[in-house]
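What Swiss-Prot records for ASP14, GLU52, ASP74 is Mg(2+) 1 binding site. For ASP14, ASP138, the entry in Swiss-Prot reads Mg(2+) 2 binding site. Summarising the annotation, Swiss-Prot assigns domain 'RNase H type-1' to 5-146.
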Amino acid sequence: MYQIMRKQIEIFTDGSCLGNPGAGGIGVVLRYKQHEKTLSQGYFKTTNNRMELRAVIEALNLLKEPCAVTLHSDSQYMKNGITQWIFNWKKKNWKASNGKPVKNQDLWMALDNAVQAHTIDWRWVKGHSGHRENELCDQLAKQGAENPTLEDIGYQPD
(Lines of atoms letter the chains of each structure in order from A and count residues from 1; the text may use other names and numbers.)
(Lines give C-alpha, C1' and ligand atoms only; values in the text may rest on other atoms or scores of the structure.)
Protein backbone atom coordinates (compact mmCIF):
# COMPACT_ATOMS: atom_id res chain seq x y z
CA MET A 1 0.00 0.00 0.00
CA TYR A 2 1.32 3.41 -0.87
CA GLN A 3 0.48 6.79 0.53
CA ILE A 4 -0.38 9.62 -1.83
CA MET A 5 1.93 12.54 -1.21
CA ARG A 6 -0.04 15.63 -0.31
CA LYS A 7 1.14 19.02 -1.46
CA GLN A 8 3.23 20.72 1.23
CA ILE A 9 1.73 24.17 1.78
CA GLU A 10 2.87 26.89 4.13
CA ILE A 11 0.25 29.36 5.32
CA PHE A 12 0.79 32.53 7.35
CA THR A 13 -2.21 34.45 8.71
CA ASP A 14 -3.02 37.56 10.72
CA GLY A 15 -6.09 39.47 11.75
CA SER A 16 -6.35 43.15 12.59
CA CYS A 17 -8.98 45.44 14.03
CA LEU A 18 -9.13 49.25 14.17
CA GLY A 19 -10.91 49.43 17.49
CA ASN A 20 -12.26 46.27 19.07
CA PRO A 21 -14.99 46.12 17.84
CA GLY A 22 -14.35 48.16 14.72
CA ALA A 23 -13.33 47.78 11.11
CA GLY A 24 -11.20 44.67 10.71
CA GLY A 25 -9.04 42.92 8.19
CA ILE A 26 -7.33 39.66 7.39
CA GLY A 27 -3.95 39.01 5.84
CA VAL A 28 -2.86 35.69 4.35
CA VAL A 29 0.32 34.47 2.69
CA LEU A 30 0.04 31.06 1.05
CA ARG A 31 3.21 29.37 -0.23
CA TYR A 32 3.62 26.27 -2.37
CA LYS A 33 7.19 25.58 -3.51
CA GLN A 34 8.31 28.84 -5.18
CA HIS A 35 4.78 30.21 -5.59
CA GLU A 36 3.37 32.75 -3.16
CA LYS A 37 -0.18 34.09 -3.07
CA THR A 38 -1.48 36.84 -0.79
CA LEU A 39 -4.97 37.74 0.35
CA SER A 40 -6.24 40.90 2.04
CA GLN A 41 -9.89 41.48 2.97
CA GLY A 42 -11.61 44.14 5.06
CA TYR A 43 -14.77 43.92 7.14
CA PHE A 44 -16.93 46.81 8.37
CA LYS A 45 -17.61 45.86 11.99
CA THR A 46 -15.94 42.97 13.77
CA THR A 47 -13.42 42.01 16.46
CA ASN A 48 -9.75 41.10 16.47
CA ASN A 49 -10.45 37.48 17.43
CA ARG A 50 -12.98 37.08 14.62
CA MET A 51 -10.41 38.36 12.14
CA GLU A 52 -7.77 35.90 13.42
CA LEU A 53 -10.23 33.04 12.89
CA ARG A 54 -11.51 34.28 9.55
CA ALA A 55 -7.96 34.65 8.20
CA VAL A 56 -7.31 30.93 8.76
CA ILE A 57 -10.72 29.90 7.37
CA GLU A 58 -10.24 31.97 4.19
CA ALA A 59 -6.68 30.64 3.76
CA LEU A 60 -7.75 26.99 4.06
CA ASN A 61 -10.70 27.60 1.73
CA LEU A 62 -8.22 28.67 -0.98
CA LEU A 63 -6.82 25.11 -1.09
CA LYS A 64 -8.32 23.05 -3.90
CA GLU A 65 -7.35 19.61 -2.56
CA PRO A 66 -6.31 17.97 0.73
CA CYS A 67 -2.85 19.26 1.67
CA ALA A 68 -0.17 18.92 4.32
CA VAL A 69 -0.25 22.41 5.81
CA THR A 70 2.14 24.18 8.14
CA LEU A 71 0.09 27.07 9.47
CA HIS A 72 1.75 30.02 11.20
CA SER A 73 -0.26 32.51 13.28
CA ASP A 74 0.44 34.90 16.12
CA SER A 75 -2.99 34.18 17.64
CA GLN A 76 -2.85 31.98 20.74
CA TYR A 77 -6.67 32.27 20.84
CA MET A 78 -7.03 30.63 17.43
CA LYS A 79 -4.30 28.03 17.98
CA ASN A 80 -5.50 26.97 21.45
CA GLY A 81 -9.12 27.01 20.35
CA ILE A 82 -8.65 24.68 17.38
CA THR A 83 -6.07 22.36 18.98
CA GLN A 84 -7.47 22.13 22.54
CA TRP A 85 -10.69 23.88 23.54
CA ILE A 86 -12.89 22.92 20.59
CA PHE A 87 -13.17 19.26 21.63
CA ASN A 88 -14.92 20.11 24.92
CA TRP A 89 -17.00 22.84 23.29
CA LYS A 90 -18.39 20.31 20.83
CA LYS A 91 -19.02 17.75 23.60
CA LYS A 92 -20.87 20.40 25.61
CA ASN A 93 -22.96 21.57 22.65
CA TRP A 94 -20.86 24.72 22.13
CA LYS A 95 -20.86 25.84 25.75
CA ALA A 96 -17.69 27.22 27.33
CA SER A 97 -16.38 26.00 30.69
CA ASN A 98 -18.42 28.79 32.35
CA GLY A 99 -21.61 27.32 30.84
CA LYS A 100 -22.14 30.27 28.49
CA PRO A 101 -22.29 29.93 24.70
CA VAL A 102 -18.87 29.89 23.04
CA LYS A 103 -18.04 33.27 21.51
CA ASN A 104 -17.64 33.26 17.73
CA GLN A 105 -19.25 29.82 17.46
CA ASP A 106 -20.09 30.43 13.79
CA LEU A 107 -16.41 30.88 12.93
CA TRP A 108 -15.22 28.04 15.17
CA MET A 109 -17.64 25.73 13.33
CA ALA A 110 -16.43 27.04 9.96
CA LEU A 111 -12.79 26.56 11.00
CA ASP A 112 -13.52 23.06 12.30
CA ASN A 113 -15.06 22.27 8.92
CA ALA A 114 -12.18 23.86 6.97
CA VAL A 115 -9.46 21.82 8.73
CA GLN A 116 -11.05 18.40 8.14
CA ALA A 117 -9.56 17.71 4.69
CA HIS A 118 -6.01 18.67 5.64
CA THR A 119 -3.15 17.55 7.84
CA ILE A 120 -2.18 20.67 9.76
CA ASP A 121 0.89 21.47 11.81
CA TRP A 122 -0.12 24.51 13.91
CA ARG A 123 2.74 26.92 14.66
CA TRP A 124 2.58 29.96 16.89
CA VAL A 125 4.69 32.94 15.81
CA LYS A 126 5.50 35.87 18.08
CA GLY A 127 3.76 38.90 16.54
CA HIS A 128 5.68 42.06 15.63
CA SER A 129 9.04 40.34 16.03
CA GLY A 130 10.45 40.85 12.53
CA HIS A 131 9.13 37.54 11.11
CA ARG A 132 8.89 38.41 7.38
CA GLU A 133 5.68 36.61 6.52
CA ASN A 134 3.95 37.60 9.76
CA GLU A 135 4.85 41.25 9.12
CA LEU A 136 3.48 40.96 5.57
CA CYS A 137 0.24 39.40 6.87
CA ASP A 138 -0.01 42.20 9.44
CA GLN A 139 0.30 44.81 6.64
CA LEU A 140 -2.28 42.99 4.50
CA ALA A 141 -4.70 42.77 7.45
CA LYS A 142 -4.28 46.48 8.24
CA GLN A 143 -4.84 47.38 4.57
CA GLY A 144 -8.05 45.36 4.67
CA ALA A 145 -9.22 47.04 7.88
CA GLU A 146 -8.53 50.48 6.39
CA ASN A 147 -10.60 49.66 3.28
CA PRO A 148 -13.48 47.46 4.45
CA THR A 149 -15.79 46.10 1.75
CA LEU A 150 -17.36 43.07 3.45
CA GLU A 151 -19.93 42.44 6.15
CA ASP A 152 -18.76 40.14 8.95
CA ILE A 153 -21.84 37.94 8.88
CA GLY A 154 -22.27 36.40 12.33
CA TYR A 155 -20.67 39.25 14.30
CA GLN A 156 -22.72 39.95 17.42
CA PRO A 157 -21.93 42.85 19.75
CA ASP A 158 -21.52 41.85 23.40
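The backbone N, Cα and C atoms fix where each Cβ goes, and this holds for glycine too.
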Q: Ten-angstrom check, please: count other Cβ atoms within 10 Å of the Cβ of GLU52 (Mg(2+) 1 binding site), all chains counted.
A: 27
**Q.** 8 Å Cβ shell about ASP14, GLU52, ASP74 centroid, Mg(2+) 1 site members excluded
**A.** THR13, GLY15, SER16, MET51, ALA55, SER73, SER75, MET78, GLY127, ASN134, CYS137, ASP138, ALA141
Q: Pull the DSSP breakdown for the domain 'RNase H type-1' (5-146) and write it out as helix, strand, coil residue counts.
A: 56 helix, 50 strand, 36 coil
Q | Distance, ASP138 (Mg(2+) 2 binding site) to ASP14 (Mg(2+) 1 binding site) (CA atoms, angstrom) | A | 6
Q. Looking at Cβ-Cβ distances, which residues of the chain lie under 8 angstroms from ASP74 (Mg(2+) 1 binding site) while being 6 or more apart from it?
A. ASP14, TRP124, VAL125, LYS126, GLY127, HIS128, ASN134
Q | Rounded distance in angstrom between the Cα atoms of ASP138 (Mg(2+) 2 binding site) and GLU52 (Mg(2+) 1 binding site) | A | 11
Q.
Using a 10 Å cut-off on Cβ-Cβ distances across all protein chains shown, tell me which of the binding-site residues (ASP14, ASP138) has the largest neighbour count.
A. ASP14
